[in-house]
Amino acid sequence: MTHDNKLQVEAIKRGTVIDHIPAQVGFKLLTLFKLTATDQRITIGLNLPSNHLGRKDLIKIENIFLTEQQANQLAIYAPQATVNQIDGYDVVRKLVPTLPDHITGVLICPNSNCISRSEPVSSSFSVKQRDGDVHLKCKYCEKEFERQAVLQDS
(Lines of atoms letter the chains of each structure in order from A and count residues from 1; the text may use other names and numbers.)
(Lines give C-alpha, C1' and ligand atoms only; values in the text may rest on other atoms or scores of the structure.)
Protein backbone atom coordinates (compact mmCIF):
# COMPACT_ATOMS: atom_id res chain seq x y z
CA MET A 1 0.00 0.00 0.00
CA THR A 2 1.35 3.43 -0.92
CA HIS A 3 0.53 6.77 0.59
CA ASP A 4 0.28 9.81 -1.63
CA ASN A 5 1.06 12.69 0.69
CA LYS A 6 0.24 16.00 -0.93
CA LEU A 7 0.57 19.45 0.53
CA GLN A 8 -2.88 20.88 1.09
CA VAL A 9 -1.50 24.40 0.80
CA GLU A 10 1.11 25.13 -1.88
CA ALA A 11 4.76 25.40 -0.77
CA ILE A 12 6.48 28.77 -0.92
CA LYS A 13 10.03 29.38 -2.12
CA ARG A 14 10.82 32.22 0.29
CA GLY A 15 8.94 33.85 3.15
CA THR A 16 7.13 32.97 6.37
CA VAL A 17 4.86 30.07 7.28
CA ILE A 18 2.77 30.39 10.45
CA ASP A 19 1.71 26.86 11.32
CA HIS A 20 -0.30 25.23 14.13
CA ILE A 21 -2.74 28.12 14.45
CA PRO A 22 -5.89 26.95 16.25
CA ALA A 23 -8.80 26.49 13.81
CA GLN A 24 -10.92 29.62 13.34
CA VAL A 25 -8.08 31.92 14.45
CA GLY A 26 -6.22 32.39 11.13
CA PHE A 27 -8.38 35.22 9.80
CA LYS A 28 -8.23 37.02 13.15
CA LEU A 29 -4.41 36.92 13.03
CA LEU A 30 -4.39 38.25 9.46
CA THR A 31 -6.59 41.18 10.48
CA LEU A 32 -5.20 42.10 13.89
CA PHE A 33 -1.56 41.85 12.93
CA LYS A 34 -2.15 43.54 9.55
CA LEU A 35 -0.49 40.63 7.76
CA THR A 36 -2.40 41.51 4.58
CA ALA A 37 -0.77 44.97 4.38
CA THR A 38 1.55 43.77 1.61
CA ASP A 39 1.53 43.24 -2.14
CA GLN A 40 3.07 39.79 -1.64
CA ARG A 41 1.07 36.61 -2.14
CA ILE A 42 -0.57 35.20 0.99
CA THR A 43 -1.92 31.66 1.10
CA ILE A 44 -4.31 30.59 3.84
CA GLY A 45 -5.35 27.11 4.85
CA LEU A 46 -8.36 26.85 7.14
CA ASN A 47 -9.56 23.86 9.15
CA LEU A 48 -6.73 21.64 7.92
CA PRO A 49 -6.24 18.26 9.60
CA SER A 50 -3.71 18.26 12.43
CA ASN A 51 -2.46 15.35 14.51
CA HIS A 52 -1.70 17.70 17.40
CA LEU A 53 -4.70 20.08 17.33
CA GLY A 54 -7.32 18.05 15.47
CA ARG A 55 -7.88 20.99 13.09
CA LYS A 56 -5.62 23.95 12.41
CA ASP A 57 -5.20 27.06 10.30
CA LEU A 58 -2.04 27.90 8.34
CA ILE A 59 -0.76 31.17 6.83
CA LYS A 60 2.01 31.46 4.21
CA ILE A 61 3.36 34.90 3.30
CA GLU A 62 5.81 35.07 0.41
CA ASN A 63 8.96 37.22 0.59
CA ILE A 64 8.15 38.57 4.07
CA PHE A 65 9.95 37.50 7.24
CA LEU A 66 8.37 38.14 10.64
CA THR A 67 10.66 39.43 13.36
CA GLU A 68 10.98 37.57 16.64
CA GLN A 69 8.95 40.34 18.30
CA GLN A 70 6.13 39.96 15.75
CA ALA A 71 6.19 36.19 16.18
CA ASN A 72 5.99 36.52 19.97
CA GLN A 73 2.89 38.72 19.73
CA LEU A 74 1.14 35.87 17.91
CA ALA A 75 1.46 33.80 21.12
CA ILE A 76 -1.42 35.78 22.65
CA TYR A 77 -3.80 34.17 20.14
CA ALA A 78 -1.95 31.07 19.05
CA PRO A 79 0.29 29.85 21.88
CA GLN A 80 1.18 26.60 20.04
CA ALA A 81 1.96 28.26 16.71
CA THR A 82 5.30 27.92 15.00
CA VAL A 83 6.76 30.54 12.68
CA ASN A 84 8.99 29.05 9.99
CA GLN A 85 11.23 31.17 7.81
CA ILE A 86 11.60 29.61 4.37
CA ASP A 87 14.34 30.11 1.79
CA GLY A 88 14.76 27.93 -1.29
CA TYR A 89 11.73 25.89 -0.17
CA ASP A 90 13.62 24.87 3.01
CA VAL A 91 13.03 25.91 6.61
CA VAL A 92 16.05 28.04 7.50
CA ARG A 93 14.80 29.23 10.90
CA LYS A 94 12.04 28.10 13.20
CA LEU A 95 10.62 30.49 15.79
CA VAL A 96 8.51 29.21 18.65
CA PRO A 97 6.59 32.24 19.88
CA THR A 98 6.71 33.02 23.58
CA LEU A 99 4.45 35.47 25.37
CA PRO A 100 5.88 38.99 25.11
CA ASP A 101 6.19 41.32 28.10
CA HIS A 102 4.19 43.99 26.22
CA ILE A 103 1.87 44.10 23.24
CA THR A 104 1.20 47.43 21.53
CA GLY A 105 -1.21 48.57 18.85
CA VAL A 106 -2.92 45.22 18.29
CA LEU A 107 -5.56 44.61 20.97
CA ILE A 108 -8.46 46.77 22.15
CA CYS A 109 -8.99 47.52 25.82
CA PRO A 110 -12.31 46.05 27.03
CA ASN A 111 -12.84 49.01 29.39
CA SER A 112 -15.30 51.24 27.52
CA ASN A 113 -14.08 54.26 29.54
CA CYS A 114 -10.41 53.76 28.62
CA ILE A 115 -8.87 56.67 26.69
CA SER A 116 -7.32 54.22 24.23
CA ARG A 117 -10.82 53.67 22.83
CA SER A 118 -11.53 57.34 22.09
CA GLU A 119 -8.17 59.08 21.74
CA PRO A 120 -5.63 58.66 18.91
CA VAL A 121 -3.21 56.51 20.94
CA SER A 122 -2.04 52.97 20.30
CA SER A 123 -3.31 50.42 22.77
CA SER A 124 -0.65 49.03 25.06
CA PHE A 125 -0.80 46.11 27.46
CA SER A 126 1.70 44.50 29.78
CA VAL A 127 1.43 40.72 29.70
CA LYS A 128 1.59 38.64 32.88
CA GLN A 129 1.32 34.89 33.30
CA ARG A 130 -0.09 33.83 36.65
CA ASP A 131 -1.33 30.41 37.76
CA GLY A 132 -1.31 29.18 34.16
CA ASP A 133 -3.54 32.06 33.02
CA VAL A 134 -2.52 35.05 30.94
CA HIS A 135 -3.52 38.51 32.18
CA LEU A 136 -3.18 41.77 30.28
CA LYS A 137 -2.91 45.14 32.03
CA CYS A 138 -3.82 48.26 30.06
CA LYS A 139 -1.18 51.01 30.14
CA TYR A 140 -3.82 53.76 30.16
CA CYS A 141 -6.65 52.72 32.47
CA GLU A 142 -4.39 50.35 34.47
CA LYS A 143 -7.13 47.72 34.62
CA GLU A 144 -6.12 44.08 34.39
CA PHE A 145 -8.06 41.60 32.29
CA GLU A 146 -7.92 37.88 31.61
CA ARG A 147 -6.70 37.11 28.11
CA GLN A 148 -10.13 35.94 26.89
CA ALA A 149 -11.79 39.25 27.87
CA VAL A 150 -9.34 41.22 25.75
CA LEU A 151 -9.40 38.77 22.84
CA GLN A 152 -13.21 38.91 22.62
CA ASP A 153 -13.17 42.69 22.15
CA SER A 154 -10.30 42.76 19.65
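Every residue gets a Cβ built from N, Cα and C, even glycine.
A quick note: this is a predicted structure, and the numbers were derived from the prediction, not measured.
Under the heading Zn(2+) binding site, Swiss-Prot lists CYS109, CYS114, CYS138, CYS141.
What Swiss-Prot annotates, mapped onto the structure for a quick look.
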| residue | record | DSSP (3 states) |
| --- | --- | --- |
| CYS109 | Zn(2+) binding site | coil |
| CYS114 | Zn(2+) binding site | coil |
| CYS138 | Zn(2+) binding site | strand |
Most crowded position, judged by CB atoms within 10 A, among CYS109, CYS114, CYS141 as binding-site residues: CYS109
CB-centroid shell, 8 A cutoff, Zn(2+) site CYS109, CYS114, CYS138, CYS141, site residues removed: PRO110, ASN111, ASN113, ILE115, SER116, ARG117, SER123, LYS139, TYR140, GLU142, LYS143
